[in-house]
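Annotated features in Swiss-Prot:
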- G9, Q10, S11, G12, S13, G14, K15, S16: ATP binding site (BINDING)
- D59, V60, R61, S62: GTP binding site (BINDING)
Amino acid sequence: MKRILIVTGQSGSGKSSALQVLEDLGYYCIDNLPLALLPEIVAKLDHENNLEQLALGVDVRSTRADMQEFDHVFEQLQKHGTVDVIYLTTQDQDLIARFSASRRPHPLANRFKSLLQCIHEEKQLLIPIQFCATVHIDTTDKSVHDLKHILLSKLGQSDNLIVILQSFGYKHGIPLDADYVFDVRHLPNPHWDLELRRFSGLDEPVKQFLEASPQANEMFEDILHFLKKWLPAFAEGHRHYMTISIGCTGGQHRSVYMVDRLKQALEAEWSVQVLHREMKHWS
């Protein structure tokens, strides 16, 4: 077996959706297996089936004792192939909204606990698995399409480094899956120009406004210089992806402009993917 993926994380963060994406990519997927049974089942599948890619869904319904033994389970699985642990997380307010929309109970729910208490308890239970995770994905404000896009990037089979450029708004929270975060809130803000407010950083009026700013141009050059200097080193370290997040206040103007400009400067040398996290909030 060439590759084994363990997909886990907070309930409601998109584990089932991630497994569906992986199934479409050719992975043999099994969900909701008790942790203690994983080594035995993987050994059986490896012996009796000609599987190259296996994805296993694990959640908090495993016992607390099983969770504490996860590092041992991880070592056992490594006998059968390369193992990656994908850990999905989502901000509390997004999880609450998802459970409210689906009307499904949290796995730890009972009549003595609030939903927020269940979320916080689950985080503590999952710490042993989170510690072993090799891939972290924050699914806050991300659609299933976005999740597929991120999984494709982070699980790329080639040795080519994929650069993910992500714009975001600080008022919606810092992305938890970022490798580097650049803050551009000090740049002139088009939001305060009523004629520019309705546009985004992809629109020409906002581009012209920011290109006229010496600060914006200097910030762009500094970030670009950093990336051009260090991306080759990251690639030599056999990383498949690097997530660079750039934030402004709302995630509509300055960060979007900077991401778009960096994409144009880097795409001739690197495989570049772009995510504008706050697009649904744009006015």
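In case you wondered, yes, glycine gets a Cβ from its N, Cα and C as well.
Remember, it's a predicted structure, so these values are computed and weren't measured experimentally.
Where Swiss-Prot records a feature, it is marked here on the structure.
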residue : record           : DSSP (3 states)
G9      : ATP binding site : strand
G14     : ATP binding site : coil
D59     : GTP binding site : coil
Just to be sure I understand: of G9, S13, G14, K15, which binding-site residues have a C-alpha no more than 10 angstroms from the C-alpha of V60 (GTP binding site)?
G9
Which of G9, G12, G14 (the binding-site residues) has the most other Cβ atoms within 10 Å?
G9
Spatial separation of R61 (GTP binding site) from S13 (ATP binding site) - C-alpha basis, Å
15
Cβ-Cβ neighbours of R61 (GTP binding site) (radius 10 Å)
14
If we count other C-beta atoms within 10 Å, could you say which of the binding-site residues Q10, S11, S13, S16 has the fewest?
S16
To test your reading of the ATP site: which residues beyond G9, Q10, S11, G12, S13, G14, K15, S16, same chain only, put their Cβ within 8 Å of the Cβ centroid of those residues?
D59, L88, T90, T139
Under 8 Å by Cβ from K15 (ATP binding site), same chain, sequence gap 6 or more
V7, T8, G9, D31, G57, D59, L88
Alpha-carbon spacing, S16 (ATP binding site) to R61 (GTP binding site), which is rounded to whole Å:
15
What does the structure give for the C-alpha distance between Q10 (ATP binding site) and R61 (GTP binding site)? Integer Å is fine.
11
Calculate the distance in Å between the alpha carbons (Cα) of S11 (ATP binding site) and R61 (GTP binding site), and round it to a whole number.
10
